[in-house]
Amino acid sequence: MIRVPSLPSAILFAGGLVLCASPVLAQDQTNSTKPTGLWLTTDFPAVTERIGEKPTLPLTLTNAGEPPQRVTISLDGLPKGWSGEVTGDGKPIGAAMVDTDAKQRLELKLTEPKGAKPGTYDFTINAHPAGGAALTLPVSITLAAAAPDKVKIEPKLPALRGTPRSSFDYSLSISNDSPNEATYNLLAQTPPGFVATFKEEYGSQELTSMPIKAGETKTVKLSVKPPKDVKAGLYPVTVAASNGDVHGQARLAMDITGQPNVTLSGPGGRLSGSAEAGKEQTFNFTVGNTGTAPAAAVTLSANTPSGWKASFEPKTLDGLSPDDEKQVVLHLTPSDKAIAGDYMVSLDANGQGTSDSEQFRVTVTTSTLWGAGGLAIIAAAVVVLGFSVNRYGRR
């Protein structure tokens, strides 16, 4: 509603005469006829919204050439059960102050009642300046059928890479894009042997379901653990949130690069053997790879007691494929000063990203010549002792 002062026809006529006589005066006369007053407007006085979306209308209160005005804002004819709130600077207001040649930006927030039906609803926004006539702004809101309930899952990183010993942790945002709160069951479909668990975003509590308010988004963590013997490759995982009526899902990927696992086993599967002091003895060992990726540059070494000698043949294996085995020979020479007994030898197999260590027990025996020599010495000592007793014992 615009309030514009009227001009006498005589003045308008005179102005027309002046317009012909003087351009400067004509310009002044044109400026003096600019409309003045108060306006209450909105960009779109007839809008359509879906049920449950809470319509909002931007309002503009304009003062053109009038003194500063205090204007009270009210609603008239609002449908039964509806509620409306006018805000300025984000705060609820009942009136606004608008200066000369200035504007106030306001907003009307509407809420329809629960169970509102589709249709067109009319009402009026009123602006009452102090001591002046009311301004009215007719508005029509058309409610369309509510959008179907929907739940959406968005992974922060949909594809992760790791080894069979890694834990694949996905961050998932679950959004309830519906007008009602709902509880969603959390589901994960993985390849056989994989273990999947849902947990709180910043906690260790395992989850099987989660309540989410209308329009709200929550974040959960999905941890997937592959079996240790899984082969290298790309594995799909499907995650879903469902409450029976609504179902949302997202596809994830696990890029498993594989992990070598070197093993070292002794002769016949045993980790013990025997050797003679001072003599070289050979033992056959098996180096295997029970992992899911090739083992490269596997070196073999032995840590022996002092004075012993040990070496592998070959000392290095260029590579071992998964489930592959190769034979190596351990050359072991106990010290010639070693006494009979059991000794421990540490054996190591080291590859890139993998290793294995075993303790090999060696039973050392001494030469029979040493035993015979010792017996001879003992016998000679007994003879000398007996001779001495017979010769000098009666003195």
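Keep in mind that glycine also has a Cβ here, set from the backbone N, Cα and C atoms.
Caution: TrEMBL annotation is automatic and unverified by curators.
Taken straight from TrEMBL:
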SIGNAL    1-26  signal peptide
DOMAIN    51-127  domain 'Alpha-galactosidase NEW3'
DOMAIN    211-242  domain 'Alpha-galactosidase NEW3'
DOMAIN    275-349  domain 'Alpha-galactosidase NEW3'
TRANSMEM  369-389  transmembrane segment
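Secondary structure of the domain 'Alpha-galactosidase NEW3' (51-127) per DSSP (helix as H, G, I; strand as E, B; remaining residues coil): 0 helix, 48 strand, 29 coil. In the domain 'Alpha-galactosidase NEW3' (275-349), the DSSP tally of helix, strand and coil residues is 0 helix, 48 strand, 27 coil.
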